[in-house]
Amino acid sequence: MPGLGRRAQWLCWWWGLLCSCGPPPLRPPLPVAAAAAGGQLLGAGGSPVRAEQPPPQSSSSGFLYRRLKTHEKREMQKEILSVLGLPHRPRPLHGLQQPQPPVLPPQQQQQQQQQQTAREEPPPGRLKSAPLFMLDLYNALSNDDEEDGASEGVGQEPGSHGGASSSQLRQPSPGAAHSLNRKSLLAPGPGGGASPLTSAQDSAFLNDADMVMSFVNLVEYDKEFSPHQRHHKEFKFNLSQIPEGEAVTAAEFRVYKDCVVGSFKNQTFLISIYQVLQEHQHRDSDLFLLDTRVVWASEEGWLEFDITATSNLWVVTPQHNMGLQLSVVTRDGLHVNPRAAGLVGRDGPYDKQPFMVAFFKVSEVHVRTTRSASSRRRQQSRNRSTQSQDVSRGSGSSDYNGSELKTACKKHELYVSFQDLGWQDWIIAPKGYAANYCDGECSFPLNAHMNATNHAIVQTLVHLMNPEYVPKPCCAPTKLNAISVLYFDDNSNVILKKYRNMVVRACGCH
């Protein structure tokens, strides 16, 4: 009576579960059929054999995607770098990644914090003045994209807004550079208020530019000048890494001015920027005046000086790049130290330090680098398989009967995540973008939702009569948008670049 004994075991187990206050006793083993129903199959010898698990997937704001294998990720990185026009992955000295400190006892942690406070260690690269200025430019571009295609969600990760928030990348203090409590030197923004770092002129330059680069001051120690120029300050910038084909459309030197509260609080200052033409060992350097500004002692904000002419010269002939000099003169003709006039130098707060920014426009069409042979072979094999499928489908007019069950040509979602590619240490913004793609059937009759061209309509009719000789129209993008990418280069300079035709806005039959 094997069946009766098994039922008796089950009754005893349930009785113990009801009458016991502690955990239930061990459940008796199930028959093979019940075990299979529970999700685990028993193989030969009683060993468990589990069904093959699906490949791991991730989700990003509603997008589900398969994790790339190592070689797939490497190939994807190479191809996207080629699209971005970069020969290799940038590795900035001061990027976005901060090394995680080791876990220390509380007493040692307190000592370490005191040492860091005394040392005033520099913050991450993203919290300095140049990256913050570039981030404002990036947000200005992103806001324009949102106004142009708010209904499309173009270039954004779903659930996000195209621009990167400045508050996410910086923690402003009460005396931060962008808090202008007195008369501002900044031009009012489009909304009537003063922008944190950018001005209306910067926005105009941005509309005409394909790329914007910021440059940090390379001078670490003040130079000994002659008595006549003893209050001059020197600045040098490296413009040797400008991509080929880029021409300077505008360039600015930006320096922050604090409110003067000392002995010069009622003064008016003439601030001048000079290009160094030639340096001499025993006399003053030869200088060329580039731009001047007259400011009051009570004014506070960013000063902008036009250095477009000298920047073009430095790009064409780098050997002439001997830097800039800044001088400050009172209305009485007295040369004073720039610090006495409220100008912040390299030893000031990191979000107020001077920097240079240049706007570029491409002078020739960018040509992508040649792909590897393996990529071409894979593409050719895919093309051959696609052609064979097209030949097999084009056997007669019955193709249209089957295509009615297929999806019509339309836009589909495709999200490219820079973070999943491991680029979060050098790409400041965005974290990724919605590239999208076009797919679907272009079958007769072509309705208005397919955005078909007149040529596509004629080709569809001819294909209907001669499917063996004339293929159907293809589902392809009809409108493409650009994206903007903000990133560090190898020298920790910040670059904002526009990339055209990166986002599919609409699809149609061609």
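The chain as shown is numbered from 1 upward.
Just so you know, glycine gets a Cβ as well, placed from its N, Cα and C.
Annotation comment: Swiss-Prot describes 87-129 (among others) as region 'Disordered'.
If you look up Swiss-Prot, you'll see 106-116 marked as compositional bias 'Low complexity'.
Residues annotated as region 'Disordered' in Swiss-Prot: 143-199 (among others).
Applying an 8 A CB threshold to same-chain residues 6+ apart, the list for ASN238 (N-linked glycosylation site) reads PHE215, LEU218, ASN491, ASN493. Residues or ranges marked as N-linked glycosylation site in Swiss-Prot: ASN238 (among others).
Residues within less than 8 Å, Cβ to Cβ, of ASN266 (N-linked glycosylation site) and separated from it by at least 6 positions along the same chain comprise ALA297. Reduced to three states, the DSSP call for ASN266 (N-linked glycosylation site) is coil. Taken from Swiss-Prot, the feature N-linked glycosylation site covers ASN266 (among others), and the record attributes it to sequence analysis.
Residues or ranges marked as region 'Disordered' in Swiss-Prot: 370-402 (among others).
Taken from Swiss-Prot, the feature N-linked glycosylation site applies to ASN383 (among others).
Per Swiss-Prot, the feature compositional bias 'Polar residues' maps to 390-401.
For ASN401 (among others), the entry in Swiss-Prot reads N-linked glycosylation site.
Its own atom aside, the Cβ of CYS475 (disulfide bond) has 25 Cβ atoms within 10 angstroms in the protein chains shown. According to DSSP, CYS475 (disulfide bond) is assigned to a strand segment. Positions annotated as disulfide bond by Swiss-Prot: CYS409-CYS475 (among others).
If you look up Swiss-Prot, you'll see CYS438-CYS507 (among others) marked as disulfide bond. Sequence-distant neighbours of CYS507 (disulfide bond): residues of the same chain at least 6 apart with a C-beta under 8 Å from its C-beta are CYS409, LYS410, LYS411, CYS438, GLY440, ASN451, CYS475, ALA476, PRO477, THR478.
On its own chain, CYS442 (disulfide bond) has ALA408, CYS409, MET450, ALA452, ALA456, THR460, LYS472, PRO473, CYS474, CYS475, CYS509 as residues at least 6 apart in sequence with a Cβ closer than 8 Å to its own Cβ. Taken from Swiss-Prot, the feature disulfide bond applies to CYS442-CYS509 (among others), supported by similarity to another entry.
Feature annotation from Swiss-Prot assigns N-linked glycosylation site to ASN451 (among others). Under the DSSP three-state reduction, ASN451 (N-linked glycosylation site) is assigned to coil, being neither helix nor strand. Counting every protein chain shown, the Cβ of ASN451 (N-linked glycosylation site) has 20 other Cβ atoms within 10 Å.
Annotation note: CYS438 (disulfide bond) sits in a strand segment as assigned by DSSP.
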